[in-house]
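Feature annotations, courtesy of Swiss-Prot:
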type     : residues : note
CARBOHYD : N199     : N-linked glycosylation site
CARBOHYD : N234     : N-linked glycosylation site
CARBOHYD : N431     : N-linked glycosylation site
SIGNAL   : 1-17     : signal peptide
Amino acid sequence: MKTALVLILATATLAVAYPSSTQDYRVVADKTFLTRQRDFLRLLVRIEQPNYYADQYEVGNAYDIEANINNYKYPHVVKNFLSAYKRGMLPRGVPYSPYYTTQSYETKLLFDLFYYANDYDTFYKTVCWARDRINEGQFLYAFSTAVFQREDLSDYILPPPYEIYPYLFVDSEVIQKAYETRMSDVHLTAPKTYIFPVNYTVANPEQELYYWYEDVGLNTYYAYYYFNYPTFFNETEYGVHFDRRGELFYYTRQQLYARQFLERHSHDLGEVEPVHYDRPFQTEYYPRLRYSNGQEVPPRPYEYSRRSLYYSNGNSYYYGNYYGGNNNYYTGNYYTGNYHPSYYYGYSTEHDYYYPEDLQIYDRRVLDSIDYGYVFSYPDHKYPLYEDYTKGIDYLGDVIEGNGDTVNRRYYGSIYHFYRQLAGKNVDPYNDSGFAPSALQNIYTALRDPANFHILKHINSYFQRYKGYLPRYTYDELVFPGVKIENVDVGKLVTYFDYFDVDIDNVVNVKVAEDGKYVDYRARQTRLNHKPFTYNIEVNSEQATDVYVRVFLGPKYDYLGREYDLNDRRHYFVELDRFPYKVQAGKTTITRNSRESSVVSHDYPSFRTLLRKVFDAYEGKEQFYYDKSERYCGYPERLLLPKGKTGGQTYTFYVMVTPYVKQDDHDFEPYNYKSFSYCGVGANHKFPDDKPFGYPFDRVLYSQEFVTPNMYFKDVVIYHKKYEEINAATVQQ
């Protein structure tokens, strides 16, 4: 899925230096590809049930991992996994969280088994074996990450997670209706479609944003980010390099927060307060989700939202992930080198103990490092934050995320994840009630909880403190001599709500594969969309040159109607696009469509559609094409614009043209880098951009000295219309 490292380029006759964004990179799938694609899809059908495809079941049943130890790159990977498996891992049917230490450790062991399989045949037999023996949540996480990371699997398509495991994406009331319908239609003999509307009740202002928080595409983007950049991945162990990984962590979180801010802005809501370990938590949350075993995703009622991360009597607390039996004990050193769990995670207990005092200590250490100018490693080595800004923010981002490349996990912890863990267990801090993992403790649901954005605001404050110490960009650094933007023309910007059907067939059990063909259950959700728009940029240049075009959208007025100072609103500008272009001497008009954005991905093909097309192609009924330029990871194209207003809402459309500085001999070859802005460029590739992410809004600025001829600010108005109005206008056209 990572082959599609492509950068969307402007379509104009003058842009001959780069591939066209309309170029067709589709490839006709051969029999080998179709066989493997079909097998991947079948593996993911009703993953909480035993596999009812007999051939895959037999492959898994007959396979002996230990007897095939030489078919894996490293024998110790097999030994480590089997040692944990024989000792006892998370049982099937138990809710899973990749942020519980023990469960995360087990998932890494399983991923390593998949990742280090020497060839496809070994990989396939291993996943068939694991499909019915490993917890379904762990299996899905490890399998998906392996497909994203293995070079030999890069072209294969995974169905969207909201259709593999709908429980964490669709209202539990709808799931219940699907159960009841299935019970009344046990003996289906022909296909029958049922559509279950997802209804929302807005009980407080925060819930007005339900359509954004609960957008299945947005939450899929967040999950795919972690499949692209697994938290446990590190360069030393896996021998791969993630270019600007720490900076990308910062930028994606900053942009998510800014996009949520713009969505709040469209509802005249103010900015959220940052979370803090010793202050009351303000946001209640009722997820209306439940796991496949029937356990509810825990809510956070108002009375618990009002208390701080300290326990109500002022004492500290921990949370645990104990799930019974002997599964919670890990005493052996299953990692090699420094990657024993107690070393990597900083805790050596079978429970995950997190004290608010720990957060206070980690918080102080990060702030001290920013102020001092160094992050500290083992035993006495230190890495400078301000000598090379690109490396400095990378070090800082790795430290705050606490990923596998952090210079010192023991010393700095993982502030981002620790805050989510503590806030997520706020209702049941001692784990007395045995609650399932909360929304904040799962990659598929974290963005649904508004609390995540309180945490993001706090996380962003570290980076803003760091950026505040960097020198402001000077006029000479910002200007592009000989290049001027003379005008920007933006088409009409219109948002609307439409309807989207999520295939929820996988929530109901069937006995044989044939029965599954007749089950067609769909949850119909309301989602935000916008009409595609085009903008034209008129550039005048003294000579032909390669340029980089950067496009942002930001608020012009605050929620009280007061015009922002540019420096005050720079944090809220969201990136709409970033692309190279070759301008000619004299005047060049750059035309760009919103669907070409390097930020976004488009709707994913549904599970049902993929199954039908692949099976038909496998049987010779039609051809199946896969797109080598498609990444399937990116911000949803539908959400590129914040919701408008009936009478319109004014925003600032900002364009900047900078010199294009080639970073790698393979920049933009052979494809475009689709959705690289928010999903990176994957392992062992360089970002095709020499500027900091978010440039030029990433540093403090003086409004009077900021504007240069190669920039252009344009007031635009975003309107919101009813779906019927959009349809009527389309028919008239």
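Just so you know, glycine gets a Cβ as well, placed from its N, Cα and C.
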Residues that sit under 8 angstroms from N234 (N-linked glycosylation site) by C-beta distance, when 6+ apart in the chain: N403, G404, D405
Alpha-carbon distance [N199 (N-linked glycosylation site); N431 (N-linked glycosylation site)] in Å: 32
Winner by Cβ contact number (other Cβ atoms within 10 Å) across the glycosylation sites N199, N431: N431
Structural state of N199 (N-linked glycosylation site), classified by DSSP into three states: coil
N431 (N-linked glycosylation site) in three-state DSSP notation: coil
